[in-house]
C-alpha cells in the first residue's frame, strides 16, 4: 500500500489528480491536512482528513504528524501551495521522508534566506535589507536609495507588496488606513530591496533526479508590480532568442545553489537597461495566473500532472509537442464590488490570434478579494505569428476591455 500525505487548501489541480488516482487505484492510501473550511473537498474520497488552523505552524504540524504516523509511515509528502511548501520540506527532513528537504524549501519560500544565499553564491540580485517592522522602512530607503520594494519575506502573488518611491510616499502610506496593507499589523519578517528599472522574464521548469526535464522561458508584457490592477500578461520566447540561453544558465546556477532535484520551479528574472540579468525570486511551485495554461497550449503538456507524478516518484508522462507561433496570455484585472457588466466574451474571441477566453467571474458576482498579481476578471490566451505582434494585440484588448460595478467594497482594495 502506497501512503501519500497531501497538504493543500482548495487548490483544484492536486484535488482532481489525487481523487482520480484514488478512484482508479486500490493500492493507494491518501491522507490530507487542510483547514476546516476546505475539509468538504476531501471528506468523500480521501482515507483520512486532518484539520489544522494554520499549515505554516511547524510546531502544530510536527505534533500532528507524530500522531498520524502511529497509523503507519508515509512514502511521500505532497505540498503544492506557497503556504505548504516550507512545511512539507520541514516534515520530510524531520521524519526522513524522500523529496525536497527543509533547506531547499526554505531558500525557495523565504525571500530573505533566498537572496542571502544567492548573494553568497555570487548570483546577482538587487540590493536588499532585512526589515523587522514598518517603522524601519525609512532607514532602509535611505540606505538602499529610493524607490524601494517592501514585502513579506514569506508570501506569494505580490500580496502586501509595495513600491515606495520616497520618504514622503512612505509617510502618506503609513498615515493612511490600509495604506501598507497587512504589513503594519503583521508581526512578521519583511524584506526591502532596491527597485530597479528593468524588463521581467520568467523561467518555468520541471526537475527530476537533479536533471531538467522541461523548461519554458517567457517575457512579461510589463514588470509584474508595475502592472498590478492593469492589463498585463506574458508570452513564451523562442529558443533562438539571444536571452534564452543566458536565462537558462542562470536557472541552472540557482538550481545548483539551492540543490533543486525534483519538482517544479518558477524563476523570475530581471534584465536591467545595461543588459545585466539578475534574479528576482524563485518558487518551488508552478507559476500562477495563466502561466500553466499558456504552457499547456504551447507545448501540449500539463505541468500540473507531470509535477504531481514527480512528487510521488512516477513517470512524469511528459511528451512535449509544441505548436508554431508565439503563445501567451493577457490578464484582465478585476475589482471588488458587484459585477454589473463587462466586455462581452464575443468581443475578445473575434480578435485575431485569440485561442481561448477564460472567465473567472460572471455578471452578478459579488467580489471581495485581496489585491494580488492574479486577481483577474478573465485571461485571454493567444497564438501569434511572432512576438512582434504581441503589443498590437495587447492594444486591441485594452480598447475593448471594460468592467462596470454596481458597488465597491473597499476593504481589500
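Every residue, even glycine, has its Cβ placed from backbone N, Cα and C.
Bear in mind that the values here come from a model prediction, so they are computed numbers and not experimental data.
According to Swiss-Prot:
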DOMAIN    115-312  domain 'ATP-grasp'
BINDING   141-202  ATP binding site
BINDING   268, 281  Mn(2+) binding site
BINDING   268, 281  Mg(2+) binding site
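Under DSSP, residue 281 (Mn(2+) binding site) is assigned to a strand (E or B) in the three-state scheme.
The most crowded of the binding-site residues listed here (141, 157) is 141, judged by how many other CB atoms sit within 10 Å of its own CB. Ranking the binding-site residues 197, 268 by C-beta neighbours within 10 Å puts 268 at the top. When pLDDT is averaged over the domain 'ATP-grasp' (115-312), the result is 95. Residue 149 (ATP binding site) sits 15 Å from residue 268 (Mn(2+) binding site), counting Cα to Cα.
Note: the Cα of residue 268 (Mn(2+) binding site) and the Cα of residue 165 (ATP binding site) are spaced 22 Å from each other. For residue 181 (ATP binding site), applying a Cβ distance below 8 Å and a minimum sequence separation of six or more within one chain yields 159, 160, 162. Residue 149 (ATP binding site) falls within a strand segment according to DSSP.
In the three-state DSSP scheme, residue 268 (Mn(2+) binding site) falls into the strand class. Straight-line distance linking the Cα atoms of residue 141 (ATP binding site) and residue 281 (Mn(2+) binding site), rounded to a whole number, equals 20 Å. Within 10 Å of the C-beta of residue 281 (Mn(2+) binding site) there are 18 other C-beta atoms, taking all protein chains into account. All protein chains included, residue 165 (ATP binding site) registers 14 other Cβ atoms within 10 Å of its own Cβ.
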